[in-house]
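Novice: One structure, as structure tokens, below. Some questions next.
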Amino acid sequence: MALRKNRGSRMQRNVIAMTEPKSLNSEQYRTIRTNIEFASVDRQMKSVMITSACPGEGKSTTAANLAVVFAQQGKKVLLIDADLRKPTVHTAFFLENTVGLTSVLLKKSSMEQAVQASNEKHLDVLTSGPIPPNPAELLSSKWMKELAYEACAAYDMVIFDTPPILAVADAQILGNVADGSVLVISSGKTEKEQAAKAKEALATCKSKLLGAIMNGKKLSKHSEYGYYGTKDNFMQK
């Protein structure tokens, strides 16, 4: 129990846009938000998938913080934990995870019943729910597309936190469900070859790559998380 509590506390600290909204790091997330909003000029972005090349690159932290800054804009936001293998969104917001995405896909609950309100105004969360034995099959079902359609009809912005795209097929399955995708790469950790393969994988599943975010780059000696999110680092395809 102590280990789980510590993990949750660490995740909570990483949602810096909520805990320290005036910090430099939070401002970088708002810059990313603006880039996402203007990434597609032909239509409004209603849903975005956040993924990474490999585990541990910060995609869940990025998804949580982006959800918060969109909500702080006054938009009605839904953050969906679609990482059905190693879900963490519920720990970030200290939510129960007995009912969630898997419950909805298995028709054990409606989306309305499964969604939970967060402590951030305008931000709701659909946690992963119980980890299933067949994540890819669930995510590729027609029920997933129906859920995405229902979510986009009810919310101004829907953000999907998905598994790393090179690790499993799940992110590729969801690639054409969301209006666009954002690739998170870790400074000093993600190899160029891995980033290139991740980009190719997104192209293969016909996902509209909005850009890439460099995570973990020190902005200053006072920056604990070191988040790169300026226009130059939000790289268009």
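The backbone N, Cα and C atoms fix where each Cβ goes, glycine too.
So Swiss-Prot says this about it:
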- Asp81: site 'Required for activity' (SITE)
- Asp83: site 'Required for activity' (SITE)
- Tyr228: phosphotyrosine (MOD_RES)
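For each listed feature, how buried is it and what is near it?
Specialist: Asp81 (site 'Required for activity') has a Cβ environment of 29 other Cβ atoms inside 10 Å.
In the three-state DSSP scheme, Asp83 (site 'Required for activity') falls into the coil class.
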Novice: Test of understanding: give the count of other CB atoms lying within 10 angstroms of the CB of Asp83 (site 'Required for activity').
Specialist: 26
